[in-house]
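Worksheet: one structure, shown below.
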Amino acid sequence: MASKRALVILAKGAEEMETVIPVDIMRRAGIKVTVAGLAGKDPVQCSRDVMICPDTSLEDAKKQGPYDVVVLPGGNLGAQNLSESPVVKEILKEQESRKGLIAAICAGPTALLAHEIGFGSKVTTHPGAKDKMMNGSHYSYSESRVEKDGLILTSRGPGTSFEFALAIVEALSGKEAADQVKAPLVLKD
């Protein structure tokens, strides 16, 4: 079986933990992860001034698709940049139309709203993004730490990054694969 493929879209202002933890966990699970810079291949300044080097530009990554999952990290500025990008919209619309998994964390789900993705789904966000996400009646809201509704997987924030990442692994590769990755991490149950 071919290995699963993930696209993580990295925008200026992305939340570091919500980017790096899912990338790390998915790679531990054998998922081929591409970290794509929204603005190109140059290092990206994240929300806490950590610089992350993307693997490639989003334009180049788009040509290498399709992906089994598209991941949107949070961070207020990062989510705003994702929300304003026509390329992100195109990728998300294509992912939704081909029934591929879309995963977003913290403020990241607001990009789903901006691009009209997953309307009717139950979602969660960072508490600070709830009002924005619920503007209109496009989604139902959950206070769960991770919420999966069909092919839309959302989570709350930096403190839920491991759970979010493991939920992506489980959705793509099964519970056994997620459990194998989780075991040596010494996570609190």
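Numbering starts at 1 and runs along the chain as displayed.
Cβ coordinates are placed from backbone N, Cα and C, and glycine is handled just like the others.
What Swiss-Prot records for this protein:
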type: MOD_RES; residues: A2; note: N-acetylalanine
type: LIPID; residues: C46; note: S-palmitoyl cysteine
type: LIPID; residues: C53; note: S-palmitoyl cysteine
type: MOD_RES; residues: Y67; note: phosphotyrosine
type: MOD_RES; residues: C106; note: cysteine sulfinic acid (-SO2H)
type: ACT_SITE; residues: C106; note: active site, nucleophile
type: LIPID; residues: C106; note: S-palmitoyl cysteine
type: ACT_SITE; residues: H126; note: active site
type: CROSSLNK; residues: K130; note: SUMO cross-link
type: MOD_RES; residues: K148; note: N6-acetyllysine
type: MOD_RES; residues: K182; note: N6-succinyllysine
With every protein chain in view, what's the tally of Cβ atoms within 10 Å of the Cβ of the residue listed as 'N-acetylalanine', excluding that atom itself? 6
Where among the recorded positions C46, C53, C106 do you find the Cβ with the fewest other Cβ atoms within 10 Å? C53
Candidate nearest K148 (N6-acetyllysine) in space, where candidates are the modified residues Y67, C106, K182 and distance is Cα-Cα: C106
Mind telling me which of the recorded positions H126, K130, K182 has the densest Cβ neighbourhood, counting other Cβ atoms within 10 Å? H126
Under a three-state reading of DSSP, tell me whether the residue listed as 'N6-succinyllysine' is helix, strand or coil. helix
At a 10 Å cut-off from the C-beta of Y67 (phosphotyrosine), count the other C-beta atoms across all protein chains. 25
Write down the Cα-Cα distance for A2 (N-acetylalanine) and C53 (S-palmitoyl cysteine), rounded and given in Å. 26
Cβ density check for K148 (N6-acetyllysine), other Cβ within 10 Å (all protein chains) comes to 21
